[in-house]
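K.L.:
If you look up Swiss-Prot, you'll see 1-10 marked as compositional bias 'Polar residues'. The region 'Disordered' annotation in Swiss-Prot covers 1-23, 72-144. The transmembrane segment annotation in Swiss-Prot covers 40-60 and is backed by sequence analysis. As annotated by Swiss-Prot, compositional bias 'Pro residues' applies to 86-141. Here Swiss-Prot flags His288, Asp305, Cys358 as active site.
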Amino acid sequence: MLSPTNSISKTAPVPPQDSSKPVLISEEPQNQLLQKVARTALAVLLVVVTLGLILLFYSFSDLQSFPWCCQTRPSTKEQPTISIPVPLPSPPLAVPRPSTPPPPVISRPSTPPAPTPAISPPSTPSAPKPSTPPPLPPKAPKPVKTQEDLLPFVPEQVFVEMYEDMARRRIIEALVPAWDSDIIFKCLCYFHTLYQGLIPLETFPPATIFNFKQKIISILEDKKAVLRGEPIKGSLPICCSEENYRRHLQGTTLLPVFMWYHPTPKTLSDTMQTMKQLAIKGSVGASHWLLVIVDIQARRLVYFDSLYNYVMSPEDMKKDLQSFAQQLDQVYPAYDSQKFSVKIAAKEVIQKGSGSSCGAWCCQFLHWYLRDPFTDALNDLPVDSVERHENLASFVQACEAAVQDLPELFWPEAKALF
């Protein structure tokens, strides 16, 4: 006999003669089969829905750009041309090819196919058609650069002249050293021993372009006071007694006024400050010595600048001195009513190739003027700058040897006229 549990899961033995009857299947395997079929159908449904959503949210051009997109063969049926954009920066134009028909439109099976318009970047302007390119403007001819334009040829003579100038400057600087105010004052004291009419005015502190006129007027006022027997109103020199100074003023006929000039300061106080700074450093810098000769006997103002126009142009300086000469006519009139005249001595740059010989040149010109005030010695200067400074070096050596016996920074004793 069979148990009740086995009756559900197992079948009764089939007689051999009845083999044509169907074999019965239990209910539990049948349920499992139905579950598998349902799961498969659900998976297929999800795949179909997913593909449908993809088709809804992606255009044809996006689908065709995927790597799994199938490549279809072109059909013979005429289809509208679809322009597929290419990423920037150079999108090509969609031009139908006569030999190859365009690809068909891929659409969903549930909805009828619809033509897709051409897609192009909104910010990209349409390019011109290849068949009608715009005319190009004519190009300007490029200048032809030769080797001379890139590397200009420098003649060998230029290098030779540069070397000669450098050698000449070194020779000149070795011949004529820079003269300071002490050497210039000693030179004036030496000139006084040769020409009694010259007054050796102190050069410490020297006159400047801002106060030389006041200094000349003050000396002439003191000279008038001495001639009248009156006391001196101006300040006395530092290294000269009052009696000796009065004797110098009484017999003087020529005032050599040395001016110290620097192009940077614009006032008298700034000039004195610059002078002090250069003296501490022991450097001449851009300073320059100028000379104004006041010839009382000849009633003449003579201006000498070895650099010719270092302060201002000779024309402007002459106009300024002519105005000052009219003022001197009122301050120190002549007995015969003769007026002061003005002369600009230098007609060119005298100290060529040297930047520190201005003081020596001023003393050299003063010495020439004392020997003969009516002869222009500058006309006889050598043309060659080295030869010119060799002559100046001879004068400098003679002066330096002569002033060695003079007292240190003291005025020489003037002789009384009566």
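Cβ atoms are placed via backbone N, Cα and C, with glycine included.
Note that the coordinates shown come from a computational prediction; the quantities given were computed from them, not determined experimentally.
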K.L.:
Applying a 10 Å Cβ distance cut-off over all chains shown, what neighbour count does Cys358 (active site) have?
P.N.:
25
K.L.:
Write out the long-range same-chain contacts of Asp305 (active site), meaning residues 6 or more apart in sequence whose Cβ is under 8 Å from its Cβ.
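P.N.:
Result: His288, Leu290, Leu291, Val311, Met317, Ala346.
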K.L.:
Taking 10 A as the limit, how many CB atoms besides its own sit near the CB of His288 (active site)?
P.N.:
22
K.L.:
Please classify the secondary structure at Asp305 (active site) using three-state DSSP.
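P.N.:
The residue in question, Asp305 (active site), is coil (DSSP, three-state).
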